[in-house]
Amino acid sequence: MQDIDSLYRFTPGSNGQDNRIYNGTIVYYKQQLFILVSDYIAPVKIRADELTANIKLKVFPLWWGGGVASGGGGWAQGWGQAWGWDRCMQWEPGPGEGAQAPAFDCPVWCVLCRGCRARLREACQRGRGAIRLPTDMLSIKLPQLFDIHQVPKVFREDGIISGYRHPQSSALDCILSSFQMTNETVNIWTHFLPTWYFLWRFSVLCSTLNFLSESYTWPLLVYMLLICVYPFTSSCAHTFSTMSPEARHICYFFDYGALSLYSLGCAITYGSYVMPDCWVNSWLHQHFVPIAICNTLFCTSLSCYSRFLEMQFPHRSKVLRTGAFVFPFIFDNIPLFYRLLLCCGGSCCHSEALPSHCYHLLFAFLTCFLFASHLPERLAPGRFDYFGHSHQLFHICAVVGTHFQMEAVLADMTSRRAWLIAQAAVPSFLSTLGALALSIILNLGIIGIFSAPLLWNPHHSANHPLTPPAKRKQQ
C-alpha cells in the first residue's frame, strides 16, 4: 500500500513557507492541525475576509473530496462529485487582500487553521439568517464513555467491561448517547423500534375493528395499548438511567411497572379469547382478571424492592426480580398450558392459533433464560459489551415472542368469536379498561412509595470517581 505522505505535493506559499496540498485541499499549514467545516445547508456567498480577519489563514476548495485529517487517511475520490462539492468556485478578492481572500457561493469544505472557530461562530451569528446554520452545532459532541472500574457499582453490569456512560449525564447527553455506540445503545433501539411496529399494527386494527362500540374487542384494545407502552417505557428507562443513581432506580421502577401492566393485558385477553371451552364461566374464568390485578401489584412491588438489595445481596436481588415476573407469566398462561395439554392428548380440535402460541412460549422461555443466566457475556467478559450480550438478546426474544402472542390472540379472537359470544359473558368496561385504569393508579402509587425515599434522601457515594470535587462538596 502506497505511503500517504508520497501523495502530497509541496507548493510555495505567499509567506515563503510551504503549504502541504493534497488534491487541491490544504492539509497542514505551519504544522497545525486544521478543522473541517462545511456549509451544507444552503448555497450562500460569504466573503472570506470576514472569516480571516486577524487570522493567518488559507482557504482552498475541495475539488475531489480527498482531504486528510490527522494523518489517518483520506476520503475516497468521487465523494465530492457525489455530493456536488466539485462545482466550480467563484473567487472574489477582499478589500486590500489581493487574490488571496476568496469568496464562494456554493457549499464547500474548508480547512481552517487554529483560532478560526470563534471567528467562524461570530460570522455565522452575523449572517445567521442567510446561512441558516445553527452555531450550536459547532459545540455539540458525543458524551465520553468509561470502563467498568470508572463508574460506581450501581451502574455496573455482569460481564460488561466497557462502553459505560457518565453516571451523572444530563438528559441531552442521554439522548445523544442513543446515537452513539455504548453498551446500552442496542438495548434502547431493540425496544424503541418495535414500539413503532406495534403502533402500526394497532393503527391497522383501529381501521378494521370498531373499538369504541364493540365490547368484544375491548380486551384486544387493552392488550394493544400495553404492548405499545412496555417497550417504549423500557427504551426510555435505558436511555435516561445514567442521569444519577436515583434516576436509574426510578427509571427501572417505571419499566417494571409497565411490564407488570403488560402481564395484566395478557390476562385480560387470555381470559376473553384463549380460555379453554370447558373452563368458560368457571370460577377461575370469573376471577381471572381480579387475580391478575393483584399479580401486577405483587410483581411491581417485589421487582422494585429487589433493587434495594442489589448492592449487598445481588444474587437474592436477581432471584426476587426473576420470580416477580415469572409468577404472573405462569398464571396468565394457565389456560394456554391446559389447551396445549389437551392437544397433546388428542382431545382438542385443531386451531390455527396454537402454532403461534407455541412460538410465543418458546421465545418467552428464551427471554427468561437469557435474563437470568447473563450468557454469553459471563463466559467472555468484555467480548459482548456492545453487541450480543444477554440483555440485548432477551429484548429481541421478548419482542419476537410478543409478536407471536399478538398473532395468536388475533387468531383465537377471530376463530372463536361466534362460540364465545354465544357461550361466555360479553367483556365489560369494568373488566377491561376499568381494570387497566385501576391497575395504573395502584402501580403508580407503588412506584411513588419506592421512589419517595430516593427523592427525599438522595444518597451519593463520596468516592464517586467521576464527580468533580466541587460537586462532591455540594452533595
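Cβ coordinates are placed from backbone N, Cα and C, and glycine is handled just like the others.
Caution: TrEMBL annotation is automatic and unverified by curators.
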### Message
Can you find which of His166, His238, His249 TrEMBL lists as binding Zn(2+) at the same site as His391, His395?
### Response
His238
### Message
Checking feature assignment: transmembrane segment per TrEMBL, candidates 23-44, 287-308, 353-374. Which range matches?
### Response
287-308
### Query
Pick from 253-275, 322-344: which stretch is listed in TrEMBL under transmembrane segment?
253-275
### Range from 216-233, 253-275, 287-308 with the greatest count of C-beta pairs under 8 A to the transmembrane segment (433-456)
287-308
### Query
Near the Cβ of His238 (Zn(2+) binding site), how many other Cβ atoms are there if near means within 10 Å?
27
### Message
Same chain, not part of His238, His391, His395: whose C-beta falls within 8 angstroms of the C-beta centre of the Zn(2+) site? Give them in sequence order.
### Response
Glu184, Val186, Asn187, Ile188, Thr190, His191, Ser234, Gln392, Phe394
### Summary
Across every protein chain in view, the count of C-beta atoms other than its own within 10 A of the C-beta of His395 (Zn(2+) binding site) is 24
